[in-house]
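Notes follow the structure.
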Amino acid sequence: MARAKKVDKIKELMWKPKFIRNIGIVAHIDHGKTTLSDNLLAGAGMISEELAGQQLYLDFDEQEQERGITINAANVSMVHEYEGQDYLINLIDTPGHVDFGGDVTRAMRAVDGVIVVVDAVEGVMPQTETVLRQALKENVKPVLFVNKVDRLIKELELTPQQMQERLIKVITEVNKLIKAMRPDKYSEWKIDVANGSAAFGSALYNWAVSVPSQKKTGIGFKEVYEHIKEGKVKELAKKSPLYQVVLDMVIRHLPSPIEAQKERIAVIWKGDINSEVGKAMVNCDPKGPVALMITKIVVEPQAGEIAVGRLYSGTIRPGMELYIVDRKAKNRIQTVGLYMGPRRVEVDEIPAGNIVAVIGLKDAVAGSTCTTVENLTPFESIKHYSEPVVTMAIEAKNPRDLPKLIEVLRKLAKEDPTLHITLNEETGEHLISGMGELHLEVKVEKIRRDYKLDVITSPPIVVFRETVTGTSPVVEGKSPNKHNRFYIVVEPLPEKVIQMFKEGVVDMKMDKKERRRLLQEAGLTSEEAAGAEEYYEGNLFCDVTKGIQYLNETMELILEGFREAMRAGPIAREPCMGIKVKLVDCKLHEDAVHRGPAQVIPAVRSAIFAAILQAKPALLEPYQKIFITVPQDMMGAVTREIQGRRGQILEMKTEGDMVTIIAKAPVKEMFGFAGAIRGATSGKAIWSTEHAGFELVPQNLFQEFVMEVRKRKGLKLEMPKPEDFVGL
């Protein structure tokens, strides 16, 4: 099919949502996601077959090709014929590296089904679990592709019987995860060899088999085994091609937008399902109001900013005006397009159910809701499962480039919401914070290469969190004019409360009674639960006062004081986390003039600071879980390397002559680990990390770490005292 014909076919199919599949591919790093995507494209005639596998069509960012890992989720559309009917498959490739978890979460919002790729030799790995968990949470249905099956025969020399046992083990592990995460969906979503929701093969050598494909082609395990033993892989790829087997599985088992939106809208949108727009989204109605969720901003050198997202209802055309709900802005669409490989094809209009690329939505960011309905409830904000934990300072080598650097940093933050940018106007120093060392390296490289900017960066540093481990006495904060007084108590916030907010079980928009009940269950007293006013970055503010005059009209200023205190705590001006701040009493001046922002905010902030310093203050540091697979004789070298970094070994699993070590260590000690482990194992270690939350810094290191941070920030090199903030 020539290119023009393909475009016509895609244009025709985009109007038939019954024949559309919006899917993602997720996996652990290096399990073969991008190679699989390429071969699916080759099969659908989008790239030449000889090149697939080497070409890494989706890794079209130069850096991705050099590093050999997928950094951004790329979009492609292709046409596949199944049982005499053409289908339009929109495919999003997602990164498997933990440092890029944000992209995966966003891609899950745009798709209805995923192909989970698992390496037959390594089995289900930690990152497989993480990405599958994200998919299940967003109500996205999985199918399974077990990759690199040829290695079982060539490298591990397994018999056909052992091979099947190995593959059944992988399926059982994936099913265990589905059952644990979605017991309600398990019966219809479980992976089953017999019905063809699992396929096996080699993405690199372009072949695959499944039970339904065996019925069509006569190629089953026995034939696969013989072909590989005899080195006839090319023949195998001709008789049972990968794309045919996998795309058939996608069409048979993954839902169309029509089926999926009936179930998914309620999970990702909290508005009224019976409203006009609610019904239009549930029915994927092209005639309804426009409801578009942006999942990614792509910056193309010629076209500029392109907003890519999923259209849930309505039809979009150039010239239309859309509200960007979260930005309270209105933008006019310039062009609308679909993807074919990395190429954007502009069309006249696109209806609901498709993945779209729009130019002109200049205020949109990843996660925005764009619509023709004023005051539409936005889609639930996309939850990222890891928060930025590593920071580096960055400056332009040539001071003349400073304005350009600021503009580039803003652009990067818009493309990738997991990247946090802090511009310090006083020192002229800019900080970028990300999910790990690699995440930041990639961004800095992008600045140098794509924007031709010479920049200098500091070595990476870890972001600590300040917290408390005890309860403070009541602390009085006075406003500068002495007319207002605030009485504050600070204590630890129960872990269960933090978890509930993080998972979205509780939020400040929900019904008050329901929230009160849930917070009490999680360990708050009934006064605290009823008085919960604001949850901010892992901290809770509770108003437990009774009948205080003027408090309502002053509350927003009090909360601003709370937020300021939580953004940068008293110990080392690091963000706070896990703190419950209670307002137990206050005295306010009757005249609003005497209780303005300049009076209330500093009074509340300094009272909170003094209270924190009297509540057994502590630092939390981010930890990483480390998974390393090495030959057994190198186990000693690896455990020494981990233990030398304040790490602890959690468990060890042996399989054949390889051993997998699972450990955890503070991120602070993990810089340079990649090089060290490569050296210690002469490059034979396969390793990956994932975030393991925050833990208390050991008491014997507390002082040293605080001074380190204070020195770096140019603060006084002494431990702060409560009297620095309030007159005791």
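Cβ coordinates come from backbone N, Cα and C, glycine included.
Taken from Swiss-Prot as is:
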DOMAIN    18-258  domain 'tr-type G'
BINDING   27-34, 93-97, 147-150  GTP binding site
MOD_RES   H594  diphthamide
Averaged pLDDT score, the domain 'tr-type G' (18-258):
79
Express the distance between the Cα positions of H594 (diphthamide) and A27 (GTP binding site) as a whole number of Å.
59
Spatial neighbours of V149 (GTP binding site) that are distant in sequence (at least 6 apart) but have CB under 8 A:
A120, M163, L167, F200, G201, S202, V224
Counting other Cβ atoms within 10 Å of each Cβ, which of the recorded positions A27, H594 scores lowest?
H594
